[in-house]
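The transmembrane segment annotation in TrEMBL covers 21-40, 63-84, 91-110, 116-137, 181-202, 266-291, 303-325, 332-353, 359-378, 390-412, 424-448. What TrEMBL lists as domain 'Major facilitator superfamily (MFS) profile' is 23-448. Per TrEMBL, the feature region 'Disordered' maps to 452-543. The compositional bias 'Acidic residues' feature in TrEMBL is assigned to 469-479. Feature annotation from TrEMBL assigns compositional bias 'Polar residues' to 487-496.
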């Protein structure tokens, strides 16, 4: 019973993340997907001026293309979770790559802005959403010990692609026009299909072994403990009872697991993330216009975003390495709180920057803090809910973030139009980020850490998360053992009665022989035979 050999009737051990090997290929695919998902909606803005001329619309009309892409990326989170739980990561990513590519290709043939909303906005945005979420799930499947570093490296795809797609879009616009640029961009998005193809599931060869081993494991656990003769005689009854227990319907895998809302850590993370998103994206959106209003030339103002992107490239992997340290990883939520606090204080301290040097210093510190937040946000979520429930958790979190994205930046823009003052906006955005940091740190310390000290240590499970096949097999075995022990109670009581009767008969025979052989030989022989028969009956019943 000590070995975990499927051939010996034991359940095979759950698949452990390799933390390397093919996982590095999966990491590269996640790097590419993250780059396309976050950078593509911003890179499309290069074509807005040409679209305004051809379709005779304003800047706000064309800006809705990027807004719809981001809304689809965030708002379709639960739909992606359901599809991943139903069909798996790789098929969903292949479909997403085709949708993203076809959306941009069809957009190159559009004749009005509404058609652009439906093709480049809805189709491409949905395709990127179907790629982004499964890639993060697969990254958490392949990495455990090195997961913080893997998340940091994958998150670095966003600034790398942003710094490359924008110049590429400008070159394509000058040589082929916006229609040719959209067509070529659609071809580039087909690389998402390649990234989806390399997302090989870890448990591909384990499902059949698990199913076969469960039957043997359950049948063997049903057998009562005893000698080899007992095991041989009661094997038939044990297997029958195992089959009866096997017939009980099992709980199917949930398409969207809402039980994660019973996790206090998930609730705390979701609330803090909602407050964070309200102010996190406001400074980089308004930075260029803020610099222009202070008298900075257009080229130098646009270079400020390049500084943030360049710093961001190195900040994310570096923060991932720090988060992976043994003495830091158990407290990664506090590191995430520090990153948010750093970002919020940077916004507040730079609100009064009135020259180009001050804005450059702001961009350096903002790039560091922004990269730290980007590298840690999904690592903290994985640490809270585990890999089994991460697919449902990230979908629900992205849906909640979608509301914050639709509230934060537009509200900041309206305040700028009303107040004509960027200083107040930076104070407000920084205060929101600081509030989210303080809430996460204090709630984690008060609600989670103190609760862990009071509660007894939980039992160790074979796999992270709930609803695994191994746990269901163990529960079936326990139910079968209780069922078999209840059925054996009448048999044990019968055995005890027969044993008592045989002992009483032997005691009477000894008394009669001690009195001087009051019984004839024939009677003695009959008594001996009867005693022998009683012993045999006891042995058979004891079997």
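FYI, residue positions are counted from 1 along the chain as it appears here.
A Cβ is built for glycine as well, from the same backbone N, Cα and C atoms used for every other residue.
Most Cβ pairs under 8 Å with the transmembrane segment (181-202) belong to 91-110, among the candidate stretches 21-40, 63-84, 91-110, 116-137, 424-448. Sequence-distant contacts of the transmembrane segment (303-325) (same chain, six or more residues past either end, CB-CB distance under 8 Å): 145-153, 155-156, 158-160, 162-163, 284, 287-288, 291, 332, 335, 339, 359-360, 363-364, 366-372, 374-376, 379. Residues 148, 269, 272, 276, 279-280, 283, 294, 319, 322-323, 359, 361-362, 365-366, 368-370, 372-373, 376-377, 379-380, 383-384, 422-423, 426-427, 429-438, 440-441, 444 of the same chain sit 6 or more residues outside the transmembrane segment (332-353) yet have a Cβ under 8 Å from a Cβ within it. Remark: the transmembrane segment (116-137) contacts the transmembrane segment (63-84), by the rule of 3 or more CB pairs under 8 A. Per-residue pLDDT, averaged across the domain 'Major facilitator superfamily (MFS) profile' (23-448), gives 84.
By number of Cβ pairs under 8 Å, the transmembrane segment (359-378) is matched best by 266-291 from the list 21-40, 63-84, 266-291, 424-448.
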